[in-house]
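Participant: Straight from TrEMBL, here's the annotation block:
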- 41-60: region 'Disordered' (REGION)
- 68-87: region 'Disordered' (REGION)
- 74-84: compositional bias 'Pro residues' (COMPBIAS)
- ASP190, ASP201, GLU329: divalent metal cation 1 binding site (BINDING)
- ASP201, HIS264, GLU296, GLU329: divalent metal cation 2 binding site (BINDING)
Amino acid sequence: MAVGVPSMELNRSPPLLSGGRATLQGKTCLQKTFLVQAKRSGGLDKANTRSQGTRTSELKKRAPLTRGTVSAPLPVPGHIPRPPYVGTNNMPEISSEIQMHDKETIVHMKAACELAARVLENAGKLVKPSVTTDEIDKAVHKMIIDAGAYPSPLGYGGFPKSVCTSVNECMCHGIPDSRELKNGDIINIDVTVYLNGYHGDTSRTYFCGEVDEASKRLVKVTEECMLRGISACKHGASYKKIGRRISEHAERHGFGVVEQFVGHGVGRVFHSQPIIYHQRNNMPGQMVEGQTFTIEPILSMGSNSIECDMWEDGWTAVTTDGSLAAQFEHTILITRTGAEILTKC
């Protein structure tokens, strides 16, 4: 699951990751460590009233995303270990720890990541018209607890469900609800599991029924961008190479890279340093053999930086102009010569 940062001058200062308000580039950002409201909408009304100037003819044919009814959080058996943030609605701080692994701990990390990948693959098989995102949440929840693991999003800063389901113009952190998927939708399913004290984090964008060629192209290029970012990784490489590789490929195909949400360190702690920017940046830092983090770019229709509106639930981030967004995510392990994808099924 992506961490959010405000839009800012990345070449000059580190991200502001927790607490309070920050006025950046003339805009006020209401912040959480997990996501940042880059532009606070007036709620669902504004979320459903898009700027008409930038819509394509295809976007005009698609009704804006609307919120359904959110059911109660699902129970987790008492014998399953919980992450430390469960039981409080307070947003955890982003840990300053660079999460490193030896031969013993990487076994646990790989097990969590393999479970997350397997759950995501099975969740993707459920995507079809008339299925609700709430049904997907229930299936994901059951798969995770049946494996003796905890669904990491559940209770994180008050998040009410066990998986994120982001449909069409939703950039990320969509809350599963009673809305039925429609033919032509695209949906990102973001799965994170907590198994034996370690988090495994992965996501993928799926097609629902018959999807138009423009949507297929967006999804294809987004996955390619993630893989190009991963290809830049190895011991001693600069983190900023990831954003350069992703930006170059996205721009070549006429898509914008969302700046408000970033990758992050993951392991015993759900979200930690390093913060992984997916756009061009000059942030310092080099990768170290044995560390784990996510790469999870979000691309949208359009070549400019994309603004987002937040729904009143405080989680659902949607493109301001109603354009489609797609995301892919893997957890990777840095090696001496490259990067090992841990969430490959």
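Keep in mind that glycine also has a Cβ here, set from the backbone N, Cα and C atoms.
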Participant: Compile a sequence-ordered list of residues in the same chain as ASP201 (divalent metal cation 1 binding site), six or more apart from it, whose Cβ lies below 8 A from its Cβ; state 'none' when nothing qualifies.
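Facilitator: Spatial neighbours, sequence-distant, of ASP201 (divalent metal cation 1 binding site): MET1, CYS113, ALA116, SER152, ASP190, VAL191, THR192, VAL266, PHE270, THR294, GLU329, THR331, THR343.
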Participant: Inside 8 A of the center formed by the CB atoms of ASP190, ASP201, GLU329, which other residues of the chain have their CB, for the recorded divalent metal cation 1 site?
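Facilitator: Filtered neighbour residues, in order: MET1, ALA2, ALA116, CYS164, VAL191, THR192, THR202, SER203, THR294, GLU296, THR331, THR343.
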Participant: Starting from the Cβ centroid of ASP201, HIS264, GLU296, GLU329, which together make up the recorded divalent metal cation 2 site, report each further residue of the same chain whose Cβ lies within 8 Å of that point, ordered by sequence.
Facilitator: MET1, ALA2, ASP190, THR202, SER203, GLY263, VAL266, PHE293, THR294, ILE295, HIS330, THR331
Participant: Let's check the environment of GLU329 (divalent metal cation 1 binding site): how many other CB atoms sit within 10 Å of its CB?
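Facilitator: Around the Cβ of GLU329 (divalent metal cation 1 binding site), 26 other Cβ atoms lie within 10 Å.
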Participant: Using Cβ-Cβ distances, find the residues under 8 Å from HIS264 (divalent metal cation 2 binding site) that belong to the same chain and are at least 6 apart in sequence, listing them in sequence order.
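Facilitator: The list for HIS264 (divalent metal cation 2 binding site) reads ALA2, VAL3, ILE94, HIS271, SER272, GLN273, PRO274, ILE275, ILE276, PHE293, THR294, given in order along the sequence.
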Participant: Using DSSP, what is the helix/strand/coil residue split across the region 'Disordered' (68-87)?
Facilitator: 0 helix, 0 strand, 20 coil
Participant: Going along the chain, which residues six or more apart from GLU296 (divalent metal cation 2 binding site) have their CB under 8 A from its CB?
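Facilitator: In sequence order, the residues whose Cβ lies under 8 Å from that of GLU296 (divalent metal cation 2 binding site) (at least 6 apart) are ALA2, SER203, MET226, PHE261, GLY263, ILE276, HIS278, GLN327, PHE328, GLU329, HIS330.
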Participant: I'd like the number of other C-beta atoms within 10 A of the C-beta of ASP190 (divalent metal cation 1 binding site), please.
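Facilitator: Its Cβ shell of radius 10 Å holds 26 other Cβ atoms.
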